[in-house]
Amino acid sequence: MARFITPGSMEAVSRLGGAPGGKRGAPALDTDTDSTREIKTHFRVCRFIMETGVKLGMRSVPVATACVLYHRFFQCVSVTVYEPYLVAMSCIYLAGKVEEQHLRTRDIINVCHRYFHSSSEPLNCDGEFWDLRDSVVQCELLVLRQLNFHVSFQHPHKYLLHYLLSVKSLVNRHAWSRTPVAETTWALLRDCYHGTMCVRHAPQHIAIATLYLALLSYGVEVPVGEREWWQVLCEDITKEHIDAIISDLLHLYDMEAKCT
Amino acid sequence: MDRDLLRQTLSHHGQSLFTHLKCEQSENPDFKAIEPDLSKASYQRKYGGEDNALVEQFIARKADILFAPSWKSSALLEDPYAIMPPLEQFMEVSFEERRNLLYRDIERGDIVIGRINSIRDFGFFVTLICMGGGLERDIEDLELTALCPLRDVPSNGNHDDPLSYYQLNDLIRAGVKDIDRYHEKITISLQPSSLGPNLMNLKLGVFSRDDMPLQYSRSVRVANDNTETYERVLEGSLGYSNPSNVEYLLGKIGVSDTQPPSLMRGLQSKHFLEEDFATTIRKKQSASWALKCVRVGVDHFKSGRHVEAMNEYNKALEIDTNNVEALVARGALYANKGSLLKAITDFELALESCPTHRNAKKYLCQTLVERGGQLEEEEKLVTAEGLYRKALALDDSFQDAKEALKKIELLIQKSLKLREEAAAKEAEKAKNVETSAEKLRKILKEEKRYIHTNPSERKSKKKKRKHRRSSRGKKHQQVSSRDNRSVADDEEEWYPAPPNTSASFLDQKSSVVRPFEGPESTEEGSQPPSKGRSHSYRSLSSVSDAPDNSRFEDDPFDASPQRAEGSKGKGVRGDKTSDGDVKEREGSRGQRKIKHRRMSSSSAGSEHSRKSDQYTNDLPSQSHISTYRRSDSGKYGSTERGDKKEQERGTRRSDGGDYRSSTDATRNGKGSSAGGSQKKELPTNLLDLFSQIAQFEKEKCVKPKK
């Protein structure tokens, strides 16, 4: 697979990445196993994707798609063979196309370059720039092939918003307006994408779990009937599911301290 | 068939369509059902005029398809997202719980839908079926009753008792006015004031089954079908598949997607700097790439490779539009090549984005002065002066501009003096041309008789004129094409120039047209509205026919004659005869105006006075010119009926000439609109004058009739 990426472009990207100790975070601890190191790397790269997404003005769903593409790609291949940041850039580019929010490679490269070299001048229109561009485009093809061109996913976002509206109607409107349940659950959902939990659980389950956690955080009382609200929203979910997802999510927040 | 739609069509087309319909759709049972209804009204054709028989027949034949109810798109049920029935229903919340929750949560301004179950003299009671807005709950089986008191029922037109409009079992949509939570009483109202601002547009009152809210109909379906789960309803709804429902709902809920919330410490929005964002970086990058191209271009320029330099500048402007350096460099290149106007545009654009750019200012001053010099040579002294002033305004210390301004001011003063002298000489001549004035009077009398005898000939005259017009059109085209460029330039650099001399023409004694003053002040005082005077004007104009002949070709032909013709036209309106000799008069009047205009802008005024001496009694040349002009005035004459706007004259003129290209026509239109706008400065006295002439002529016509 490496033959699709020219030596020049790989070099360019590693130059982009700067010194190994730079943005890639704290040096690896000896006690870290390979897998922990990998998880940390993935966390950092996903953080990179999300930051870039904000700076590019990407909506939540394309950012989610980019992260899912990234996770799925590295589920099959090793992180040592492919430069993860390059893959991330290509995933962003591809996600923009899939979710109909087209991004220009020039903008992606500009933002990424500045991410690694803060307060630097924008790149000149020279060989390095074109090399980078070439590598992004080549890698995009690589990602597509690796994923067998299955690049369209169902995301929790749509479900979450509908569930929000339905639950909102159960609760007293003043109580609802006092509590930022919508912002919190949206934040929780976005933060899910730092780890692989986003690909390990069904979208409806993730949506319910984030909503559940948000309501729990603020102590919002939801009326109870024969069935719980979350049971109604999705037939096949159980309390254990919800708890598992919540614990995964909380684990991600713990990781933040370790990785950045 | 859709009755209302049919009614609308019939009222537009009229009774003839109805007849067609009856004939074509006689077999159609739907039509037969509503035919008696439709025939009650008689239909007048709305926009009287064309008889669209073919279209009406088409409508009649296809009426059964056109007005079929199934053709109406069911846009009502398309929702941007999936509207779900109340969750309570799925959760099977207990009766008590729901009832309590409803009384706790229902507020003033919510909308309820219910059925009237009893009408009393103090109001009516409604059994609530569902919520219609503001709150979404499942209340049908709660069997709540709400009261709508009499004072909250709006009166319905002629009914004395508003309650008589309502009947048992009517579906009502009402707003909640008051809740007594303790006693569990709800008061509703049909007054629109009871609703909150976001629900104001909903109509309260009697309601139809079809308009029940979507969540209610879905909830009914769910109630009736045990297999319907929330998921199934959600995924079965069309709004669910809308790709932009996420965006829509985010907007509805009020969460921002561009500054998204996060619980991660590192992703808090305050950590994001503006200069790290893609758009900012891109701008900086474009500016620097463009600058590179400009540098290369300047190199080319210095080595004399102007074409490559221009290419580089254009490339730079493609990368970064409105890049200041690129604009300044390109402007300099244009100025060097001689396209001064393009250079000026570029400099001005550059100064817009960066008003303190030294080079831009400097170059702009220089270019303006140069352009001014060019205009001076073309004898457009006033425009040139405007440019010099502009250059000085930009840069006070610019020596060249100051000198040029002084020079041009002197020139203008000189030309003014010359014109004064010439005008004085003209005034003297007024006394010497009795003979031609007499001749004209005679001709005028003849015309009156002619008009009196055959008024119907006006139309044929028009045709003749049109014919003549078209044959003259070629000539006009030639002339106008020659003057296109100068006219175009005039249009582009239309700095406030002095008003034209058309009004000054009338005031022979004080015909000093000071370009910096309005004509009104001089003219209004001295316009005696007498026919005799106007005759003398005409005669004067005939004097100066010939000299202008030579100048015709040089004039910005299209602009000035329209002004002249406009005022001429007024006179013609009065005359109504608009025959050859009147035209001649008017033609010569126009020439006179041109002459004045020329005098104001050239310093060769003395030439005019000399020539006028020569051609005083040269009638053949006069008539030659006047026939040449006939076609112009003819157009005006033929189209003059009552009050018409100046612009119209201009456009009709351009319309009339079949042989003209459309560009010429638009130029004419422009010229005439310039003329027309100038025309507005004509004092009302002039209008009075002409209307008096008109009246006088009319009287003359009337008398012989009697």
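Cβ from N, Cα, C; glycine included.
Over in TrEMBL, the protein carries these features:
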type     : residues  : note
DOMAIN   : B:109-191 : domain 'S1 motif'
REPEAT   : B:290-323 : repeat 'TPR'
REPEAT   : B:324-357 : repeat 'TPR'
COMPBIAS : B:444-458 : compositional bias 'Basic and acidic residues'
REGION   : B:444-683 : region 'Disordered'
COMPBIAS : B:459-477 : compositional bias 'Basic residues'
COMPBIAS : B:500-511 : compositional bias 'Polar residues'
COMPBIAS : B:565-589 : compositional bias 'Basic and acidic residues'
COMPBIAS : B:590-599 : compositional bias 'Basic residues'
COMPBIAS : B:614-628 : compositional bias 'Polar residues'
COMPBIAS : B:629-658 : compositional bias 'Basic and acidic residues'
Residues of the domain 'S1 motif' (B:109-191) by DSSP state, where helix covers H, G and I: 10 helix, 41 strand, 32 coil
Local confidence of the prediction over the repeat 'TPR' (B:290-323), expressed as mean pLDDT: 92
For the repeat 'TPR' (B:324-357), the number of residues DSSP places in helix, strand and coil: 28 helix, 0 strand, 6 coil
The repeat 'TPR' (B:290-323): DSSP-derived helix, strand, coil residue counts: 27 helix, 0 strand, 7 coil
